[in-house]
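Asks: Sharing a structure below in structure tokens format, with a few things to ask.
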Amino acid sequence: MGVLPVPAEVRAILLDIEGTTTPIAFVQETLFPYIKDNVKEYLRAHWEEEECQRDVGLLRKQAQEDSSLDGAVPIPLESGSGEEELERIIQAIVDNVHWQMSLDRKTTALKQLQGHMWRAAYATGHVKGEIFEDVVPAIRKWREAGMKVYIYSSGSVEAQKLLFGYSTEGDILELFDGHFDTKIGPKVESESYRRIAASIGCATNNILFLTDVPREANAAEEADTHVAVVIRPGNAGLTDDEKSYYSLISSFTELFLPSST
């Protein structure tokens, strides 16, 4: 794909995670299966903790909102303290989590529980965040050239910080100037990129957004944000029209900063 010059007005680089800094396979084959395989054990171990009960409360509220959806799994209220009832409720939560994940839902309730489970997994060394090998050296160069670097992902800010704090490259959180998740808005809506620009104190055309998803790239472009689409192993293929329309890179090293001349 060659070299992609970064427009002179760009002051900040905004990075997607899945398929951009991190292999999609890590998310699909490590992070998500960890939740499915360990949610019951996690709930049993942490049930009495306040944080876990808050997570359960959010999941129960979400289940009520979802009650009219096909295949929705209700989560009953506790009526006593019997061991058998507790197991029944935990199983209902497990079934609900599995159902939500099978639909690739991104509810706050699900994301919060996943974030807390991943925190425990990272802290105990059961999971390490995978980073493409070109990412860290490139970001260090960008920062040396005066660029600010931010993350924007559908995963929660907490989950982002865990991935980069416990990564295969060590703790690399110092490389980022800030993190955004869908609390600032969906990644496929242009207004989200205007909010990010306002939050970091620049114009939208001072930002270069790197993503593997054309719909996100399109939304960012509508907000007058510069965009490059990242081609990585395992990413969804692009149409011929998308390939000819978007600036494409297969490695962060292909970005050429004017200040590096």
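Glycine residues also receive a Cβ, built from the backbone N, Cα and C atoms like all the rest.
What you see is a predicted model, and the numbers here were worked out from it, not measured in a lab.
Annotation source TrEMBL lists Mg(2+) binding site at Asp16, Glu18, Asp212. Taken from TrEMBL, the feature substrate binding site applies to Ser153, Ser154, Lys187.
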Asks: Within the same chain, and leaving aside Asp16, Glu18, Asp212, name every residue whose CB is within 8 angstroms of the centroid of the CB atoms belonging to the recorded Mg(2+) site, in sequence order.
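Replies: Here the non-site neighbours turn out to be Ile17, Gly19, Thr20, Thr21, Thr22, Ile24, Ser153, Thr211, Val213, Glu216, Val230, Asn235.
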Asks: Quick one: Cα separation, Asp16 (Mg(2+) binding site) versus Lys187 (substrate binding site), in Å?
Replies: 10
Asks: I'd like the number of other C-beta atoms within 10 A of the C-beta of Glu18 (Mg(2+) binding site), please.
Replies: 23
Asks: Which whole number of Å gives the largest C-alpha distance between any two of Ser153, Ser154, Lys187, the residues noted as binding substrate?
Replies: 8
Asks: From the centroid of the CB atoms of Ser153, Ser154, Lys187, the recorded substrate site, which same-chain residues not already listed sit within 8 A by their CB, in sequence order?
Replies: Asp16, Ile17, Glu18, Tyr152, Gly155, Asp181, Thr182, Glu216
Asks: What whole-number Å value do you get for the CA-CA distance of Asp212 (Mg(2+) binding site) and Lys187 (substrate binding site)?
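Replies: If we compare the Cα positions of Asp212 (Mg(2+) binding site) and Lys187 (substrate binding site), the gap is 12 Å.
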